[in-house]
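Q: So TrEMBL lists the following for this protein:
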- 248: active site, nucleophile (ACT_SITE)
- 332: active site (ACT_SITE)
- 334: active site (ACT_SITE)
- 45, 221, 223, 249, 252, 290, 292, 293: L-glutamine binding site (BINDING)
- 1-131: domain 'Carbamoyl-phosphate synthase small subunit N-terminal' (DOMAIN)
- 1-172: region 'CPSase' (REGION)
Ligand SMILES: NC(=O)CC[C@H](N)C(=O)O
């Protein structure tokens, strides 16, 4: 069955439908990772987005029950050049077509993903409608331009947990402040002897402090950080009371809590090979990234230092508070998918937490 991606500027890309035979609406973004499609599909930060993968063959190692960053695919829609129908891998328990069907995710293959990516790079990410079968393209074009996407303020509530829960791990007590966390962040914390209490995005500072955490990790998540003012207010209240680490959306929320500003990038950073420079050591790390917003360097207050920058476009990739045990990164130390160069940041967080515990004689 034929399928179409209709962008809000009226451009149409044609392909063959696979996955769920339905339509969807979302912000169309591209990711240049060469592997890790299942982690990308299940990353809650993609909630409300139609994800285009630039790597030409997707699904060749199938799907399994382990490479999940949340229990189900979170993307609104999925676009690839070729979806492999006969995967081969000892871990595979199924194929991508069936996986997307079971999870009601519409997808297209046979799309000129190179032309589509170049279009988004030139004109910026934009909204689009993915539709299959016998469609009226003129009607879709006007809908793509006018119909509002899933509204930003509804994204985080769609992916956070409703009630707090605790996962045993060890003697350090860490609160994971959850805006749509990738599982591998929690796996890392538990591996480093942390008992992790996962608290909903709507939690207040008093709720979080009542768990008597030794440290708080503010998670990644979907949408515009300015659509989560309650998270910013909570983080502002936590500053100075507990060591904090922010990852991606968590980094942006932390910057807003410090009264800095964020803005939308033209086409975002999504991939597994973004070069990031540590300004302290001069060392360059190859990082895993997935974000469409960034922190405005000039807006940072005196007591926040930029620690990392992106070497492709010079944007802020990391922050540290000059007095408080607080730091954050715009990229993904948990990788999944992508390079693992930045895992050391979890160890730095643990050191920061342990130093604070020692100071307080805990
Ligand atoms: N992975 C994330 O946490 C993404 C953060 C935010 N939604 C952005 O696109 O910039």
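Using the three backbone atoms N, Cα and C, a Cβ is placed for every residue, glycine included.
Where the annotation comes from TrEMBL, it is an automatic prediction and has not been curated.
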Q: May I have the DSSP-based helix, strand and coil counts for the residues of the domain 'Carbamoyl-phosphate synthase small subunit N-terminal' (1-131)?
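A: Split into helix, strand and coil, the domain 'Carbamoyl-phosphate synthase small subunit N-terminal' (1-131) gives 27 helix, 46 strand, 58 coil.
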Q: Under DSSP, is residue 252 (L-glutamine binding site) helix, strand or coil?
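A: Once the DSSP labels are grouped into three classes, residue 252 (L-glutamine binding site) ends up as helix.
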Q: By Cβ count within 10 Å, point out the most packed of the binding-site residues listed: 223, 292.
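A: The most densely surrounded of these binding-site residues is 223.
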Q: Around residue 221 (L-glutamine binding site), which residues of its chain at least 6 apart sit with Cβ under 8 Å of its Cβ?
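A: Counting only residues 6 or more apart in sequence, the Cβ neighbours of residue 221 (L-glutamine binding site) under 8 Å are 44, 45, 155, 156, 159, 160, 178, 179, 180, 181, 201, 228, 248, 249, 250.
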Q: For residue 293 (L-glutamine binding site), write down the residues of its own chain that are at least 6 apart in sequence and whose Cβ falls under 8 Å from its Cβ; none is a fine answer.
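A: Once residues fewer than 6 apart are set aside, residue 293 (L-glutamine binding site) is near 224, 225, 252, 262, 263, 264, 265.
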Q: What are the sequence-distant neighbours of residue 290 (L-glutamine binding site), meaning same chain, six or more residues apart, C-beta distance under 8 angstroms?
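A: Residues satisfying the criterion: 31, 40, 43, 45, 46, 220, 248, 268, 269, 270, 332.
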Q: Between residue 292 (L-glutamine binding site) and residue 334 (active site), find the distance joining the two CA atoms and give it rounded to the nearest Å.
A: 18
